[in-house]
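K.L.:
Per TrEMBL, the features are:
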{"type": "DOMAIN", "residues": "7-63", "note": "domain 'RNA polymerase III subunit RPC82-related helix-turn-helix'"}
{"type": "DOMAIN", "residues": "173-500", "note": "domain 'RNA polymerase III Rpc82 C -terminal'"}
{"type": "REGION", "residues": "406-442", "note": "region 'Disordered'"}
{"type": "COMPBIAS", "residues": "415-424", "note": "compositional bias 'Acidic residues'"}
{"type": "DOMAIN", "residues": "505-580", "note": "domain 'DNA-directed RNA polymerase III subunit RPC3 winged-helix'"}
Amino acid sequence: MSQHALELCTLLVDDIYGELSSRVLSTLFRYGRLTVSQLSQKSLLPLRQLKHGLVVLIQQHLALHYTSPDDGVTYYEADWKSNYSLVRAGKVMRLVEERFGEAAGAVITNLLLQGHVRVGDLADAYGLTAAETRGNAKGGGASHGVNGRVKCGDAGIGAENQILTLGQLHCILHQMLHSGYITQVTEEQFWPLVDHRNHVERAVKREKFPGGVKGPKQKQELEEMVREKMRKSREEAHSKLEVNGVSRGVKRPAGDTTVRRGGKRVKLDYGFEIGHTKEEDNAEDTFVNENLVIRVNHEKFVVAFRNQEFVNLSEKRIGSTTALVYAELLRRLEARIDRCKDDLAPPGMPDGGEESPSISTLELSATLSKDIELINSIGKAPPIKVEAKVQNISASRRKRRRLEVGASVVGDASSDGDEDDAEDGNISAVDSGSDDHWGDEDFGIPALGSPLARDQKNRMAEIKRHLQLLAEDSYHFVRLVGNRGLGEWTVDFEALTKILKQVELEGIITERFDGIATRLVRVLTEKGKLDEKQVSNISLLKQKETRAALTSLYESGFIQLQEVPRDANRQPSRTIYLWYFDMERCRQLVLQDCYKAMARCLQRANTEKEKMRPLLAKAERTDVVGREDHYLSKIERTALQNWREKEERLLGQVARLDRLVGIFRDY
């Protein structure tokens, strides 16, 4: 962990939770794992004040603790990744508001402030009780049609988007539990990873290796068992929340003996629904177990932020309409991805720990917004160029397929396919008139020949065209893995993340140096280690320009130099100098620069705020808020406006730097 990252985390805690908590945290960062007595000595704080600071850090999951079973001593340790997550609070609230409404944004804000909270305590904080809910239900029109029995789909509806009833709060919590944005709190989440691993390892040794671990084979078996048991314990906390996609924490309200399901029908990944009628949906409500302790799941939000970056990249590469289709595909896949990187994944598995999920065109069309205009959204080439290209491709295809299969059959099939491609100006477009893609049952599509069926087929064909554009791009945003439902698609997240890192790094190099430096980095990335003359020849640049650009990149740490002596004397004249590009080293370099810049922005904001403290104290008075024109002079209002603009620019820069941190560290 770098010094700049620790400094950034300390500044974040100091700004939000105060000097006491930041002092305790900085001591843990500086000295590492400590007991309470050691922490009191190192921080020079009385034990009473120290415990107050520790309570805040533990409540917010910023500090972890573990009680040793051997001596009963509790050790404390700082979790720097949880501390860094404080900088993303604004992004978390904005994403929840966009997906679930302003009322859900208020709930997630309270969860961020509280760290973790019991559902019953959260309802009490809103002043919502079951008795009050039943009273509102009997009162009828007192709440303008909103009472204790609320559909989950109406969770964001209310006066000024505020939470009015207990049922509305529980529906919001159920939606976010089902989506994975909040999760159940377990005891293991308060343990440091090393202590959790040692705890599981001791249990495995007692059960499987009572005589001790002997030899490398048993050590490998022990390692696999420990990893698997830690994964199972982590997944059990999630499995307790959901059964067939419905929260198991859901229970019936008091006095109601009917059996209820979730307020929404659960649509399975293969296109079917758990059967109950729409009328049942409208009548059902959802209540979460009030004893459930919940917290914000930052790992799930990182998945959502990564998907947003992929959508933005696809929009730059292809277009806005295709990016909207891609955004819906990623949103559907997001429900089956718990985290971007899994430290407990078996060797050889992707970073997420599981194979990438897939989705068919049929499933995607079921949830894609009808407001997205897909017809004529793909650009068309001039007819003359299209006809010439199609003729050339048709001739080559017919010749090749005659040799493989036979001229009589393959020639006709090729002609038909090419005519459909030429019709849209897209050579790789889908044959929208073919029924072979649909199978025998059409997955619930209306009867063939009806106008509705034709419209749905045409829309699905348009969706597939956009997916093909994404698949055929050099970045390979999606990949075709099957023919189910007019094509089954998946996303290679690990490969696409590497491309995203490369694109961002090239952008940084271009801004810091010039296009020549970016060209040289691309050459070294593709070819590997090269000497100066080879780099100059491949990049088609003069050796003088190449030498200047390579020197600048080397001084900044973006490329490295390796000396290969021709003999044992190691004379410079008898040495080959090879330039090469190390992506991992550059990633770490950019991360440290981002941490340092973010810390400096926060320090500058605090300094500017200290200069304005008397004026800010006056402007924040209850009698002044809303009446600034009456109580503040023109000079004071101008100074206050200038300060707010400075703060906005500084915090905006922090958010932009956090985006780079997410790309180079978390995705």
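Note that Cβ sites are derived from N, Cα and C of the backbone, with glycine treated the same way.
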K.L.:
So what's the mean pLDDT when you look at the domain 'RNA polymerase III Rpc82 C -terminal' (173-500)?
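P.N.:
The answer is 73, the mean pLDDT of the model over that range.
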K.L.:
Per DSSP, what is the residue tally for the domain 'RNA polymerase III subunit RPC82-related helix-turn-helix' (7-63) in helix, strand and coil?
P.N.:
45 helix, 2 strand, 10 coil
K.L.:
What are the helix, strand and coil residue counts for the domain 'DNA-directed RNA polymerase III subunit RPC3 winged-helix' (505-580) according to DSSP?
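P.N.:
So the counts come to 46 helix, 13 strand, 17 coil.
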